[in-house]
Structures are given as structure tokens and as C-alpha cells.
Amino acid sequence: MSSTKDMSTVQNATPFNGVAPSTTVRVTIVQSSTVYNDTPATIDKAEKYIVEAASKGAELVLFPEGFIGGYPRGFRFGLAVGVHNEEGRDEFRKYHASAIHVPGPEVARLADVARKNHVYLVMGAIEKEGYTLYCTVLFFSPQGQFLGKHRKLMPTSLERCIWGQGDGSTIPVYDTPIGKLGAAICWENRMPLYRTALYAKGIELYCAPTADGSKEWQSSMLHIAIEGGCFVLSACQFCQRKHFPDHPDYLFTDWYDDKEHDSIVSQGGSVIISPLGQVLAGPNFESEGLVTADIDLGDIARAKLYFDSVGHYSRPDVLHLTVNEHPRKSVTFVTKVEKAEDDSNK
């Protein structure tokens, strides 16, 4: 994963006649549905939206949680306590096949799409490492560089049966010419210590890809924008029954009684909110499409005049957070030569 040292630093605004240059950035959220069990078609769909967003001047394009590979809303995978189900195993095999390696050919293609369209791209994806899946966010630069990734630290509810947990080694905030860019996935946004870690890294463009289309979610996004003094971009899929595989067990029947082709399964709600708590675009609960806003990075300083949660409004003498950024590995192999060298250094 590239470190922020490889990135261009934020350009300092030099005042001219007492007025700072423009700090306006156009940002776009893509609210759309995965093409389930067809990753190439999903990336084709993503590219069309990226081209459209770029043609309208977007400099940053954000996609929802698990867009590539698919958020498995209502999928059963044969899960029940103490029960092993062959049909569930087969479904997981299909889901695993739709996930992508990072890095890998799909990542290379996305990097090229970002380059061709001159945008920063933040993409939700299901990543596979061996036979463990992770809910991941991928970051790309307009130069076609894969910057790195964030793996979801804590899958929610039954997500824990199919996704592994990320660790502290993948919680980046990238210092870019359009602002400091990072992400928290879905209900990670309810983890105050994780949010604090992102604030401490100086996040300015807070991307929140999610599967939560509830109206209550909007309150969380508004709070985070004010608490963090940052722009919040929350991207959620808009999905209808027709977007899912044609099999009744793909959806929990007690959740979705309406099996009509056009019935809404995930209602979106993508939204862009300023550090001052102003809703700049969205929420869109109606359809697939783009949610776009022109943001003024100067609003960050305006907001932090009164409240900076990790700066002048913090009390490190009373409350202090330690973040472990070391990769967490289940197995570490040590050769005899390495062990001998380690022993000689003691």
C-alpha cells in the first residue's frame, strides 16, 4: 500500500490582495446497484458512471459499500446456529468468485479508469485474500495510481460470518491536492474511537460508503460532519428486486414481503454534508443516479473556529487514544538465520 509520503501534499493557498485562491472542489457520489454475480459487468457499469461524473466536472467520485462483489443484503448462505447447509456453501462459492484480489486485474482496470477520467476514485469492493473475504474501500488517484485500501474493522451482525476483520494497518488518510481523504464503512461510523483516529489524521473528505439506507442514518452523517469538522460523503446503493438473483432465498422473507420486480430493497439516501452541518446534496431516496456538490474547503477552518475535537477542544491529559497500526497476522514464519540474527542483537 502506498503511503502518504508518495502523494502530493495539499497545495498551500497563498493570499493575493488579502483573498485566498478558490478552494472549491466538485465531488460526486454514485448511487447505483451492483450487477450481482458478474464483476466484469459491475465494473463496466461503474466506468459509465465515472465517465458521466467526470464529464460534469467531478474531481472525486465515491461508490457505495461493497459495490464490486456486492453487498449480500438478505443472502442466507445457509446460516443457522449449528447447521451446515450445502446450498449455502454453493452460494458462498459464487460470492467468493465475485470478490477481487487487491492488487489484481480489476484494481488495475479501476486505476486506469481513474486516470482516463482524471478523478480521485473511492470504490467499495469485496476483497479476497485466500478464502477470507473483506469489506474494503479502494483509493485511486487521477494519475492512475492505486493509493491503498481500508478494510472494514468490524463487520456488523451476520456480516461477521462471511467477512473477516480489518486491522490498524489499513486506516489511511491520504494527503491530496483536493483535501485529506479517508473512509469509514457503514456502522464503523458508529465507532467513536475509529472516528477519532480519522480526525487525528486530519481527514477533510470523510467518505462513508454504507448499506444503511435508513432515514436515521442521516442524523449520524450530520453529527460526524459537525464533530469532525469535515465534509461527509455518504454513498448507499439504490437496489430493486430485479437487481438481485432470481431466487427466493436470496432475500429474508420477513424483511421483504413484496417480491415485485421493481420493489425497492435498498432505498439509497446518499448525501453530502458540510462541516457546518449544511446538507449540500441529497439525500436521494428515489432512484439510481449521481449526487453532486461543489464544496468549499474553507468551510473546514470556519467550522473549527469553535470546535476541533482533536485540537483545541481536546483534553489529552484526561482522555487519550492509542491506535495499533501494526498488521495482525495469524502466522509468522521465522527462519533459523533470522532467529540467530535476532538472538545476536539481544
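Heads up, the Cβ atoms here are built off N, Cα and C, so glycines get one too.
Residues annotated as N-acetylserine in Swiss-Prot: SER2. Marked as domain 'CN hydrolase' by Swiss-Prot: 25-297. Residues or ranges marked as active site, proton acceptor by Swiss-Prot on the basis of sequence analysis: GLU65. Sequence annotations record features per position, and here Swiss-Prot assigns active site, proton donor to LYS152 based on sequence analysis. Look at Swiss-Prot and you will find CYS186 tagged as active site, nucleophile, backed by sequence analysis.
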So, three-state DSSP: helix, strand or coil for the residue listed as 'active site, proton donor'? coil
Collapsed DSSP category at CYS186 (active site, nucleophile): helix
Run through the Cβ atoms and count how many others sit within 10 Å of the one on the residue listed as 'active site, nucleophile'. 25
